[in-house]
Amino acid sequence: MDLSLLWVLLPLVTMAWGQYGDYGYPYQQYHDYSDDGWVNLNRQGFSYQCPQGQVIVAVRSIFSKKEGSDRQWNYACMPTPQSLGEPTECWWEEINRAGMEWYQTCSNNGLVAGFQSRYFESVLDREWQFYCCRYSKRCPYSCWLTTEYPGHYGEEMDMISYNYDYYIRGATTTFSAVERDRQWKFIMCRMTEYDCEFANV
């Protein structure tokens, strides 16, 4: 093959390959703050936000009993479609306390675009906050809960939203006082392509 042709084709192949992640998604790969690819070390707090105009589409986590029964976390983001437009406002939701089960959706019809968490040694658990963004006056519909992630306490967690039409709006979690771990069910919703009158759904 002519060397000049190779130099012309190489950037095209690299660009086509690079736009898809491990799961065939054109989303930003899992964020890498450390050598091991996690946004936090065990027993440490963290704050993660998607870039402007992107939302969370994947959540990955591993559990360590010996490191305070804590988890390390990683996230992936994806740009929202043009039909949603740009986010009109973003905010941090109320804190979900450590050691308790909880259920929360983004208020004001928001979508999850980040997570913030702090670890408490006394409870061997974390408190959580969602970072939410609202897109004009779009409303959620056809919402459903995912299965539990992880499938059993202490297991690795790998949740990926394979459907472009559904967005994470929140989660419900259970907490095991014995295992000191959580199982998550994510609240997935579609969003209208037009403005609606409901202040919060």
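Just so you know, glycine gets a Cβ as well, placed from its N, Cα and C.
Swiss-Prot records a disulfide bond between C143 and C189, which is the match among C90, C106, C132, C189.
Disulfide connectivity taken from Swiss-Prot links C139 to one of C50, C77, C196, namely C196. Taking Cβ pairs closer than 8 Å, the repeat '3-3' (181-186) reaches residues 59, 63, 69, 71, 125, 145-150, 152-154, 157, 159, 168, 170-175 in its own chain, all 6 or more past its ends.
Only residues 6 or more beyond the boundaries of the repeat '2-1' (70-75), in the same chain, are considered here, and those with a CB under 8 A from a CB of the stretch are 30-31, 36-43, 46, 48, 50, 56, 58-64, 114-115, 117, 119, 124, 126, 157, 181. Secondary structure from DSSP puts C90 (disulfide bond) in a beta strand. Shown are the modified residues Y162, Y166, Y194; the one with the most C-beta atoms within 10 angstroms of its own C-beta is Y166. Of the listed disulfide-bonded residues C77, C106, C132, C139, C196, the Cβ environment within 10 Å is emptiest of other Cβ atoms at C196. When Cβ neighbours within 10 Å are tallied across all protein chains shown, the highest count among the disulfide-bonded residues C90, C133, C143 belongs to C133.
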